[in-house]
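Have a look at the structure below, then the notes.
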There are 4 protein chains.
Amino acid sequence: MERKDIRRIAVFTSGGDAPGMNAALRAVVRTAAWNKLHVYGIERGYEGMIDGHFKRLERRDVANIIQRGGTVLRTARSMRFMTPEGRAMAADHLRAYDIDACIAIGGNGTFTGAKIFSEEHGIPFIGVPGTIDNDLYGTDYTIGFDTAVNTAIEAVDKIRDTADSHNRLFFVEVMGRHSGYIALYTAIGSGASSVLIPEAETDLEELKAVFRKNKARGKLFSVVIVAEGHPMGGAAGIAAQIKDELASMEPKVTVIGHMQRGGAPTAADRMLASRLGHAAVNRLLLGEENVAVGVISNEVETTSFDDAIHKEKKPKSSLIEMASILSI
Amino acid sequence: MERKDIRRIAVFTSGGDAPGMNAALRAVVRTAAWNKLHVYGIERGYEGMIDGHFKRLERRDVANIIQRGGTVLRTARSMRFMTPEGRAMAADHLRAYDIDACIAIGGNGTFTGAKIFSEEHGIPFIGVPGTIDNDLYGTDYTIGFDTAVNTAIEAVDKIRDTADSHNRLFFVEVMGRHSGYIALYTAIGSGASSVLIPEAETDLEELKAVFRKNKARGKLFSVVIVAEGHPMGGAAGIAAQIKDELASMEPKVTVIGHMQRGGAPTAADRMLASRLGHAAVNRLLLGEENVAVGVISNEVETTSFDDAIHKEKKPKSSLIEMASILSI
Amino acid sequence: MERKDIRRIAVFTSGGDAPGMNAALRAVVRTAAWNKLHVYGIERGYEGMIDGHFKRLERRDVANIIQRGGTVLRTARSMRFMTPEGRAMAADHLRAYDIDACIAIGGNGTFTGAKIFSEEHGIPFIGVPGTIDNDLYGTDYTIGFDTAVNTAIEAVDKIRDTADSHNRLFFVEVMGRHSGYIALYTAIGSGASSVLIPEAETDLEELKAVFRKNKARGKLFSVVIVAEGHPMGGAAGIAAQIKDELASMEPKVTVIGHMQRGGAPTAADRMLASRLGHAAVNRLLLGEENVAVGVISNEVETTSFDDAIHKEKKPKSSLIEMASILSI
Amino acid sequence: MERKDIRRIAVFTSGGDAPGMNAALRAVVRTAAWNKLHVYGIERGYEGMIDGHFKRLERRDVANIIQRGGTVLRTARSMRFMTPEGRAMAADHLRAYDIDACIAIGGNGTFTGAKIFSEEHGIPFIGVPGTIDNDLYGTDYTIGFDTAVNTAIEAVDKIRDTADSHNRLFFVEVMGRHSGYIALYTAIGSGASSVLIPEAETDLEELKAVFRKNKARGKLFSVVIVAEGHPMGGAAGIAAQIKDELASMEPKVTVIGHMQRGGAPTAADRMLASRLGHAAVNRLLLGEENVAVGVISNEVETTSFDDAIHKEKKPKSSLIEMASILSI
């Protein structure tokens, strides 16, 4: 069956917000306008699709948003979209607006919804990977990851000032519910003493040995980066388990938290978002569908939703090893 | 009794570190050098005084530190200095180095130590108020407060991006163990919905009413700033107490934490620290002693250690009222 | 003559934009709403007043702007308002909207326009001092000054990194067409070697002597801060006049420029703007008019437009002297 | 001929400084220590090599520098090293310290010096690409580029605030003497209206047409990014040539300048520098020499000095085209 010409598209952001989503939206709208497409923005992701919250977006509507954190379309997690009834309502709205295809900016859950919906209702989707966690297969980096890492590193730089003044040990928890990407990059970038992530075995005896050695060598402070999703219970869990060892170092636990999701996107995130938003429209016009765009080895590539959703992406083991060598 | 000529002074930082302490140290050293005094820096506050960790500081030794967070002299809290024996050892070292007077950069505990020591051993002290909490009588602002507030506000600005994208409620805890200054200034500066501080009654029923009203009005997110020392148990304590009311808003608790102590000092903190470090030396040379310098109504003033230690400083009630009016 | 009850007010920003203007606008609108006043925002200052660009502003219209640089009402310099005809058109519009009083956020030119207009047309004005230059009498600091100084200092901190790596001399020009405030505060805050401002005599021979002495002492780089309005022609002018002396130091000239006008306002500017916007409405309701609000010695005060416009405010000579002592 | 075992290495930074050089140095020293090598740091690049300014660097000597801009080893451009006599002196010093190989952190000129020296004196070199300009063949990105682009974008974000408030046109010049990389990435990241770089034809008539069209469309401000090395004379040159067209838009020229060389390195630059410093030592130990390390398509690769020096690297034309599509 031949595909309908693409004349009208919808775009939305969904799932957890990530800095750079606005830059991606801008690129979608402007590339679409350049190609004479009509664009509708859907508010609050699948929720707005179900409720019919659509608005026409023209070039000037996305002026002056490239530098803004969050997403001007707002975002949500939608329970209703997990039901056939919810999806049917969403499909009705898309048909009412005569939408030929959708561009979905989000993460794993967003792509899963898109795949199921597209199979049920025959509307083509392109996914744009927007999530700070970087745990999506099909792209070297996801939109928002570079900003989140920079935010975490700036926080650790500040904590280091006070750790350095005081002879202290800090356990700093960064985001990443299932993934150690943010933690690993933050640890390398901040020169942390150790990094504890789900993807690598954590040996508490070894960690204690490091502290003892550092102390013996006169190292005056240590910062340990812990991924939120560490199976021992995040930073608080780890600190609790080796408390006795650490008594003399006044260990402190800091959770950097939600500020990692916000802030003006970095240069790299603005560039990545611009490239991917631009590519999403171009790939759609070239006939691709139900794929996610990504940048792999500096080139734009596409990956089937199936692979993007199910294949695993993990930090390179060479980086984990390097982190350990450089921390000493 | 006539006071000895001041020819050799010692300077140190003590207690919690605060951004701008290095700028104050630089001002002390350079103003002293200008006046042909010899300056010794003592490492780790009273601990270093007891252990004899003194080093000669000349003009060039404090080059390129004005912008650095933390304190290059490092800091500590000293249990030994609370004993007569500890103070006697410290006095021996000061006499061995032939120190005529000391300049102590720190907070309430630092000044208390200075006062007791000076009364016991007859060595004049000048205090320079360095603490992020701003809860010291005798100066409108303490060194580090402006930086801490800016750090907290930048964090809230980022959290606001994500709150705004998601329709969420955030409880953000800022530093201030006994004081709501950082919380109040952060709330006004970040446009928070509410601020909960030890200095003002907290009425949880009223707070819930605000949330209900905001929701009815379609206000899409709220940020509540809570002082660490709030008697209901900080942000986590407050959030727990009104959890049921908030279920539909997905309340999140964020503790900004120790990053508020670090970072490059702001312009205002560098200026304040420069003025106070400069004034500390000048006042010493004019014959003052056992006073803290401060800036009150834009002028440098001195306050007796007794008043600085015992009198209370509280946020203006007019600011608390204004915060409430502007948040609506 | 008794004054009309104040029920409807207009607010606008005019002249050069300054960070914090949005925070002041927010405070005006919310304080007015609290007092049951109706508020109209005028776009592009006196230009919009002449052209009738008014819009109703309610509490929620100023949500989420406290952190934004620039001014959402936009600003302009108006030639037409300098003519009686232009002002008559403006007055017609104010009367058409039944405006009882105006709040003008801007600098010297803005206040001058307000004073003339008010005398001609009998509509009360309150001025709110918004200008990065800090050269307005009647307030210790103007809205935007603290942000501009922080921006300049952050720029110098970065330049210092490279100067320090390379053994270089930098002439850095900061804003201030008639005033050395930004230059002086930037110099003290960045630890510059020298500062050249209109308010103090510049002796080039002395400056050369400083360079020679620094070189002899092994000081490896120097940063000289120059006010834009320095009578010898700003940074470029000064550098040209002592070029020969400096050949071996590879002198560089940097003009920080318009970025000093932008950026998210600092904590201090948000606080000052909130206090002054809030006070402007309160003072109006208390019957004051044709005055500028300001913060003097930490208290809100008002100053007649006449004094605000004509009296001179200058950096304290004690700060100029201190800058010189600390730079060595 | 079999190569001597590598036991003692020297490392230095040379040419223009770039943020991340310290992170690279740290990675070299720690990876070398891990491999039981002795490391000497040479101050001020080839100048220090000629003058014998070597110092032993151990692991702890590079603690707490990863976040610092500039280079703690300082840098210089050396005329003497361009002469056989200068190089002979440098070789004498290397032999005196029994140095088996050198790691040179710098740009094109640094690598050229290394190649000539190595051919003359038989000491193996590895190059690490550190220059903000990104114009080095053999690596997708050079150390310092990401930081410089972020600094430029932050400056443009601030300028945009004021441009937006005022209806203005800004010509913003960014660094890049022979290359438009910084300009192109800054333009895409800041959402600029146009970008003028040496690598693409500049048609002033077309630029004027854009301004006319923007004006007709009610676009209220424009920012044009110009590469320093633009053949029409940088931002000032371009602005002068179309002055008449622009009179009504109050065009302003801003040169961001040397602050682009400084500042704390970004996450990406710290990561890149860590990987390349680490790889430089590893490759040396694997027997490679007279090559530059780089990251190409996310993998560490080496390129012969010949290629790194002589082959040209240019921005992708697809990015130039995308910049134009997104700017509208």
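Using N, Cα and C of the backbone, Cβ positions are placed for all residues, glycine too.
Heads up, TrEMBL stuff is auto-annotated, nobody curated it.
Positions annotated as domain 'Phosphofructokinase' by TrEMBL: C:8-282.
Here TrEMBL flags C:Gly16, C:Arg77, C:Ser78, C:Gly107, C:Asn108, C:Gly109, C:Thr110 as ATP binding site. Note on C:Arg77 (ATP binding site): other Cβ atoms within 10 Å of its Cβ, all shown chains, come to 19. Under DSSP, C:Arg77 (ATP binding site) is assigned to coil, being neither helix nor strand in the three-state scheme.
The ADP binding site annotation in TrEMBL covers C:Arg26, C:Ala27, C:Val28, C:Val29, C:Arg30, C:Arg160, C:Arg217, C:Lys219, C:Leu220, C:Phe221. The DSSP secondary structure for C:Arg26 (ADP binding site) is helix.
TrEMBL lists C:Asn108 with the feature Mg(2+) binding site. Look at C:Asn108 (ATP binding site): DSSP puts it in a helix. Of all the Cβ atoms in the protein chains shown, 19 others lie within 10 Å of the Cβ of C:Asn108 (ATP binding site).
Taken from TrEMBL, the feature substrate binding site covers C:Thr131, C:Ile132, C:Asp133, C:Arg168, C:Met175, C:Gly176, C:Arg177, C:Glu228, C:Lys252, C:His258, C:Met259, C:Gln260, C:Arg261. Over all protein chains present, the Cβ of C:Met259 (substrate binding site) has 27 other Cβ atoms lying within 10 Å.
Take the CB of C:Asp133 (substrate binding site) and look out to 10 A: across all protein chains shown you find 25 other CB atoms. When secondary structure is read from DSSP and collapsed to three states, C:Asp133 (substrate binding site) falls in the coil class. Among the features that TrEMBL reports, active site, proton acceptor is placed at C:Asp133.
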Overall pLDDT of the domain 'Phosphofructokinase' (C:8-282), taken as the mean: 94
C:Lys252 (substrate binding site) in three-state DSSP notation: strand
For ATP: widest Cα to Cα gap among C:Gly16, C:Arg77, C:Ser78, C:Gly107, C:Asn108, C:Gly109, C:Thr110 in Å: 13
Among C:Arg26, C:Arg30, C:Arg177, C:Lys252, C:Arg261, the one of these binding-site residues whose Cβ has the fewest neighbouring Cβ atoms within 10 Å: C:Arg177
Sites among the binding-site residues C:Arg26, C:Arg30, C:Gly107, C:Arg261 close to chain B [C-beta, under 8 Å]: C:Arg26, C:Arg30
Among C:Gly107, C:Gly109, the one of these binding-site residues whose Cβ has the fewest neighbouring Cβ atoms within 10 Å: C:Gly109
Densest Cβ neighbourhood among C:Ser78, C:Thr110, C:Thr131 (binding-site residues), 10 Å radius: C:Thr110
In the chain carrying C:Met175 (substrate binding site), residues 6 or more apart in sequence that have Cβ under 8 angstroms from it: C:Ile132, C:Asp133, C:Ala148, C:Ala152, C:Ile182, C:Glu228, C:Ile256, C:Gly257, C:Gln260, C:Arg261
Near-site residues: ATP, ref C:Gly16, C:Arg77, C:Ser78, C:Gly107, C:Asn108, C:Gly109, C:Thr110, CB cutoff 8 A to centroid: C:Ser14, C:Gly15, C:Gly45, C:Gly106, C:Thr112, C:Gly113, C:Thr131
Most Cβ neighbours inside 10 Å, all chains, among the binding-site residues C:Gly16, C:Val28, C:Arg217: C:Val28
